[in-house]
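Q: I'd like to ask you about the structure that follows.
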Amino acid sequence: MPLRLDIKRKFAQRSERVKSVDLHPTEPWILASLYSGTVCIWNYQTQTITKSFEVTELPVRSAKFIPRKQWVVAGADDMYIRVYNYNTMDKVKVFEAHSDYIRCVAVHPTLPYVLSSSDDMLIKLWDWENGWACTQIFEGHSHYVMQVVFNPKDTNTFASASLDRTIKIWNLGSPDPNFTLDAHQKGVNCVDYFTGGDKPYLITGSDDHTAKVWDYQTKSCVQTLDGHTHNVSAVCFHPELPIIITGSEDGTVRIWHATTYRLENTLNYGLERVWAIGYIKSSRRVVIGYDEGTIMVKLGREIPVASMDSSGKIIWAKHNEIQTANIKSIGAGYEATDGERLPLSVKELGTCDLYPQSLKHNPNGRFVVVCGDGEYIIYTALAWRNRSFGSGLEFVWSSEGECAVRESSSKIKIFSKNFQERKSIRPTFSAEKIFGGTLLAMCSNDFICFYDWAECRLIQQIDVTVKNLYWAESGDLVAIASDTSFYILKYNRELVSSHFDSGRPTDEEGVEDAFEVLHENDERVRTGIWVGDCFIYNNSSWKLNYCVGGEVTTMYHLDRPMYLLGYIANQSRVYLVDKEFNVIGYTLLLSLIEYKTLVMRGDLDRANQILPTIPKEQHNNVAHFLESRGMIEDALEIATDPDYKFDLAIQLGRLEIAKEIAEEVQSESKWKQLGELAMSSGKLQLAEDCMKYAMDLSGLLLLYSSLGDAEGVSKLACLAKEQGKNNVAFLCLFTLGRLEDCLQLLVESNRIPEAALMARSYLPSKVSEIVALWREDLSKVNPKAAESLADPEEYSNLFEDWQVALSVEANTAETRGVYTAAENYPSHADKPSITLVEAFRNLQVEAEESLENGNIDHEVAEENGHVENEGDEEEQQEEEVNEEEGVVDADSTDGAVLVNGSEVLTPHP
């Protein structure tokens, strides 16, 4: 049966001819050396070029990363080896290495060594800790040495491939080869070692169009791989999968089974001849170099083949080797830390006759099924004995221990608990996947159909593209995961049972309302498990989340890809495994899950009984959950974090609680936030206290001016000046009518030009003094400009109404300290504004006109004997009052100006 590997192209980039490729172990980088003389580093995640080195004008036939030094080493046809720092782009070393083209460079995995092979038929060893000195030369080949590669199982030895048709095995301590393999009928282009621990194999590729697998201990050919129609230019044993990859000048890459040597797949991306294949350990990515560019593919899934039963026993597969570990073997004395790798004792359980692609315990943990290569085998979990086997693409367990096998897209078999075939189904559609659990599910590309296990009756068809399916242990809830989101559905078991008991016919879409969609979440689920009514999963961003009642909580941010194994209730821990089979645990309290579940069901009494069992450090988590359910009052009672509790109190308008928290925390931002809420709520005394604590001087100015609190404004002016808040201090002083202090503040703030303009507007008598200061200050930077400043005392003709302004200042000086009560504002609000200079001038004009008219009328009155002395006296008294208060005649189009709550005359600038 075929290996059935998923092959996905992850990177494609056209370029000049690619002669070698390499993958970085930690960065998402592909290193490609080109025939044009350039070495490029591509980022396969962003699909962009990250670095580029112009090495030479001749071909660079080999380049490799040296990650532990942040270097790239490259060998070219100009016979030089060059070393670059790929971070700084600096050239670290350049030296002439050979007397002919350099075909290959190989980096020792641990020691500071680099091997190079050349058309001069020599292999040389270079030590970078010894100034890149050549410490050894290996002679023996009689033609070009095309490739050298270190043995990963014994890094003191290496193999070389030559066009003299041989493979030679060398030891770093000896200039002579250990032995020679007469490998092919024509020149050998490439060689690679098998990285697994069980086979002493290497593979070679030749111009005779074949690749051969060799046992280097017996020095015999194990298998010849025929199929290419041109020279085989690149070969490799994949480090993670049981496959051999060969590339040829016929333009194809062929994938062979490493055990059966069966051809599994052939790739042809239409980029002409294949020259290089690159891979790294612990990755399923393979990069291929062609005449016209670079391709990277991902083979299979990176999810580790592992399963854990409810007791904490884990079984996993490393290639064909089966290993086991038990979490409970650590002991109760071990204090587990979240995110820390568990020190498990790993034991060899046995081997598997097929290459495992999936492994799963049955519900009671007694059996384990392994699937792969189109077959399945059921083993006993303890002794690893073969219990049953058969052909099948997929195998699933029911929640009761029955099982189903998908033999093809048109045939599914159901087996009893004793693994006896009970039923065979031929669905009316192409079944691409099956899932087990409470119901048997079959998927096409567009929908999923649920069937009961007993009689395979259709329960319901749901139109959704399904990637995975997770049943809760109760059988009442199911999570359906697609490529971009997941859905939580409720299975109405009683409704379905009553439907079938009634004998009513079932239509093609199944039982209506068999499933009810409870929640939908736009997150991609990588792996998931249920704990009660809580769905735990990790998403595409590698966050470990759990979902209760549609509310998603992030437990932890994972620092690398990890996959869920299961949950052990008596430890309140969820366990995950990474690609290296490291097991990691995280705390998830069962009491917390139960509490949230009861709240979702509306059973608050039982939830409150569980609350005391939840540790205090988790109460904020509970409070956030309650807030999301709209239970803000309850959240406020439970919350322990002062910041969060303060936000809840503000949200509820509980100002006293918020004040207590603010007093405890003494946070300026909290006082300010509380002050704004108190102001909007009419709690003016609290607002004042908050603004004082928060040093919100602008808010205090607004409050005091609104209240007409002159004393408060006066104190605020002093405080603002101390705090350096000159704008607030100026407004306070101006509001109080303390114009001299305003001028002084401007001068002290070195705002002398503004002080001069203010003096001209409000205190003309101070202009000369300020102008003198201005001249003195300006003369330091521009003497000519300083001389051009005009003093009104010297040039009064340049200042309109100067004498009038002085008179107005003298007449209004006494009124600046008088403040009209705020309650009288309505009687002053409608009066028009006018400059006091203009008002003063109007008064003078009216007085003159009144005087002239008054003399004529008096003479006429004397002649007629009708002198109305009484009326004249009243008018005179009214004029005197108006003159004292600075009020213009009500019949005039001009009016008084309100300054600081008092009617005063303001001079015109």
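Glycine is treated like the rest: Cβ placed from N, Cα and C.
Residues or ranges marked as repeat 'WD 1' by Swiss-Prot: 13-52. Residues annotated as repeat 'WD 2' in Swiss-Prot: 55-94. Taken from Swiss-Prot, the feature repeat 'WD 3' covers 97-136. Annotation source Swiss-Prot lists repeat 'WD 4' at 140-180. Summarising the annotation, Swiss-Prot assigns repeat 'WD 5' to 183-224. The repeat 'WD 6' feature in Swiss-Prot is assigned to 227-266. Summarising the annotation, Swiss-Prot assigns repeat 'WD 7' to 269-309. Marked as repeat 'WD 8' by Swiss-Prot: 351-390. Residues or ranges marked as repeat 'WD 9' in Swiss-Prot: 461-501. Residues or ranges marked as region 'Disordered' by Swiss-Prot: 862-909. According to Swiss-Prot, the compositional bias 'Acidic residues' annotation covers 870-892.
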Q: Using a cut-off of under 8 Å between C-beta atoms, tell me which stretch among 183-224, 227-266, 269-309, 461-501 contacts the repeat 'WD 1' (13-52) the most.
A: 269-309
Q: Can you tell me which parts of the same chain pack against the repeat 'WD 8' (351-390), counting only residues 6+ beyond its ends and a CB-CB cutoff under 8 A?
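A: Same-chain residues near the repeat 'WD 8' (351-390) but 6 or more away: 1-4, 241-242, 259, 300-301, 305-311, 313, 315-317, 319-322, 397-401, 403, 405, 419.
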Q: Just to confirm my parser: what is the rounded mean pLDDT across the repeat 'WD 9' (461-501)?
A: 93
Q: Against which stretches of its own chain does the repeat 'WD 7' (269-309) lie, if we need a Cβ under 8 Å and a gap of at least six residues from its ends?
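A: Residues 5-15, 17-25, 30-32, 42, 44, 195, 230, 233-236, 238-241, 243, 245, 247-253, 255, 315-317, 327, 356-361, 365, 368, 381, 527, 561, 563, 565-566, 575, 577-581.
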Q: According to DSSP, how is the repeat 'WD 8' (351-390) divided among helix, strand and coil residues?
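A: Counts, helix then strand then coil: 0 helix, 22 strand, 18 coil.
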